[in-house]
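Student: The feature GTP binding site is assigned by Swiss-Prot to Arg17, Arg68, Thr99, Lys160, Arg262, Leu263, Arg264, with sequence analysis given as support. Annotated [4Fe-4S] cluster 1 binding site per Swiss-Prot: Cys24, Cys28, Cys31, in sequence order. Under the heading S-adenosyl-L-methionine binding site, Swiss-Prot lists Tyr30, Gly72, Ser123, Met194, citing sequence analysis as support. Annotated [4Fe-4S] cluster 2 binding site per Swiss-Prot: Cys257, Cys260, Cys274, in sequence order, evidence recorded as sequence analysis. Feature annotation from Swiss-Prot assigns domain 'Radical SAM core' to 8-234; the stated evidence is sequence analysis.
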Amino acid sequence: MASQLTDAFARKFYYLRLSITDVCNFRCTYCLPDGYKPSGVTNKGFLTVDEIRRVTRAFASLGTEKVRLTGGEPSLRRDFTDIIAAVRENDAIRQIAVTTNGYRLERDVANWRDAGLTGINVSVDSLDARQFHAITGQDKFNQVMAGIDAAFEAGFEKVKVNTVLMRDVNHHQLDTFLNWIQHRPIQLRFIELMETGEGSELFRKHHISGQVLRDELLRRGWIHQLRQRSDGPAQVFCHPDYAGEIGLIMPYEKDFCATCNRLRVSSIGKLYLCLFGEGGVNLRDLLEDDTQQQALEARISVALREKKQTHFLHQNNTGITQNLSYIGG
């Protein structure tokens, strides 16, 4: 195995977020309010199963322990179960997770688990069906809730739920969310609304700091948990009276980037060192054949030397991220 991926600031990278499509069937207000529109940036289409196998094999050789499949909506790919199985072939990958809108969860989650999926994140921005419809553009609240139940029935011990925190939309609904997770092993993760190139107006209207929720959780006796090396960026809190947990993802907080442990590859095979970086490094020409793995690993390692110490969101610089469906949020 090659040496562990480490950048110029001594950060080690154990976690790959791999987008497999930028297509999504939801129209979330903070991501794709006008729905998915093909970009026309490639004539080769999205990464194939073989290309996904090769890129994850290279990252595993460089010390990656966790792969999260993202989109767009990953489950819209007809070969999604085959993709999970391809990643699972590598024993060095200890965790394979997916971030999904839950649209196909009830129908397919048992098959995903059988293929090797170990973790699920479901996007749920409101527990009110009408508000859920207003945010997502889809009247699928009950279907998504049934999907979460199906995940537990399929054998997942915990489900993570992602909730984008928005002022005057859901920031005042903490008690409703807490009641929901009191007897369910759900890690509910509130994610601060992030500014993107297409979402500046929405950001100015609805952004609120997660500090507000953190202060309230601590006041109520919630306890901050230690972070593991392949965990995502959430600050996780638990409470003895709750089966569930609360996570807070606050990218505008000081030192947020100090614990960065993840890299991103887009659905067309570009490596991104940061969600809000300025550009990507093409890997696809080195995904055509198994004999290219050494060159692929070298390109990844060299690219990492250019990773910046921090993002520049505080300067309203969102890089190339026009919306979060492009490189998987």
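Each Cβ is built from the backbone N, Cα and C atoms, and glycine gets one as well.
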Student: I'm trying to understand the geometry here, so how far is the Cα atom of Cys24 ([4Fe-4S] cluster 1 binding site) from the Cα atom of Leu263 (GTP binding site), in Å to the nearest whole number?
Tutor: 22
Student: Please classify the secondary structure at Lys160 (GTP binding site) using three-state DSSP.
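Tutor: DSSP assigns Lys160 (GTP binding site) to strand.
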Student: What is the number of other Cβ atoms found within 10 Å of the Cβ of Met194 (S-adenosyl-L-methionine binding site)?
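Tutor: Neighbour count, Cβ to Cβ under the 10 Å cut-off: 21.
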Student: Measuring C-alpha to C-alpha, could you say which of the binding-site residues Cys31, Gly72, Cys257, Cys274 are within 10 Å of Arg264 (GTP binding site)?
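Tutor: Among Cys31, Gly72, Cys257, Cys274, the ones whose Cα sits within 10 Å of that of Arg264 (GTP binding site) are Cys274.
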Student: Give me the CA-CA distance between Arg17 (GTP binding site) and Cys274 ([4Fe-4S] cluster 2 binding site), in Å, as a whole number.
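Tutor: Given the Cα positions, Arg17 (GTP binding site) is 11 Å from Cys274 ([4Fe-4S] cluster 2 binding site).
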Student: Got a sec? Which of these binding-site residues, Cys28, Ser123, Lys160, Cys257, Leu263, has the most Cβ atoms within 10 Å?
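Tutor: It comes out as Leu263.
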Student: For Arg68 (GTP binding site) and Met194 (S-adenosyl-L-methionine binding site), what Cα-Cα distance in Å is obtained after rounding to a whole number?
Tutor: 20
Student: Using C-alpha positions only, work out which of the binding-site residues Gly72, Thr99, Met194, Cys260, Leu263 is nearest to Cys28 ([4Fe-4S] cluster 1 binding site).
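Tutor: Nearest listed residue in space: Gly72.
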Student: Using only the Cα atoms of Arg17, Arg68, Thr99, Lys160, Arg262, Leu263, Arg264, which the record gives as binding GTP, return the largest interatomic distance in Å, rounded to a whole number.
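Tutor: Output for GTP binders Arg17, Arg68, Thr99, Lys160, Arg262, Leu263, Arg264: max Cα distance 20 Å.
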Student: Need this for a regression test: binding-site residues Cys31, Gly72, Met194, Cys274, filtered to those with Cα within 10 Å of Arg262 (GTP binding site). What's left?
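Tutor: Final answer, ordered: Cys274.
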Student: I need the nearest neighbour of Cys260 ([4Fe-4S] cluster 2 binding site) among the binding-site residues Tyr30, Cys31, Thr99, using C-alpha distances.
Tutor: Thr99
Student: Ten-angstrom check, please: count other Cβ atoms within 10 Å of the Cβ of Arg264 (GTP binding site), all chains counted.
Tutor: 22
Student: In angstrom units, rounded to an integer, how far apart are the Cα atoms of Ser123 (S-adenosyl-L-methionine binding site) and Cys257 ([4Fe-4S] cluster 2 binding site)?
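Tutor: Here the two Cα atoms lie 23 Å apart.
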Student: What is the separation, in Å, between the Cα atoms of Cys257 ([4Fe-4S] cluster 2 binding site) and Leu263 (GTP binding site)?
Tutor: 12
Student: Which is it, of Arg68, Gly72, Cys260, Arg262, Cys274: the one of these binding-site residues whose Cβ has the most other Cβ atoms within 10 Å?
Tutor: Gly72
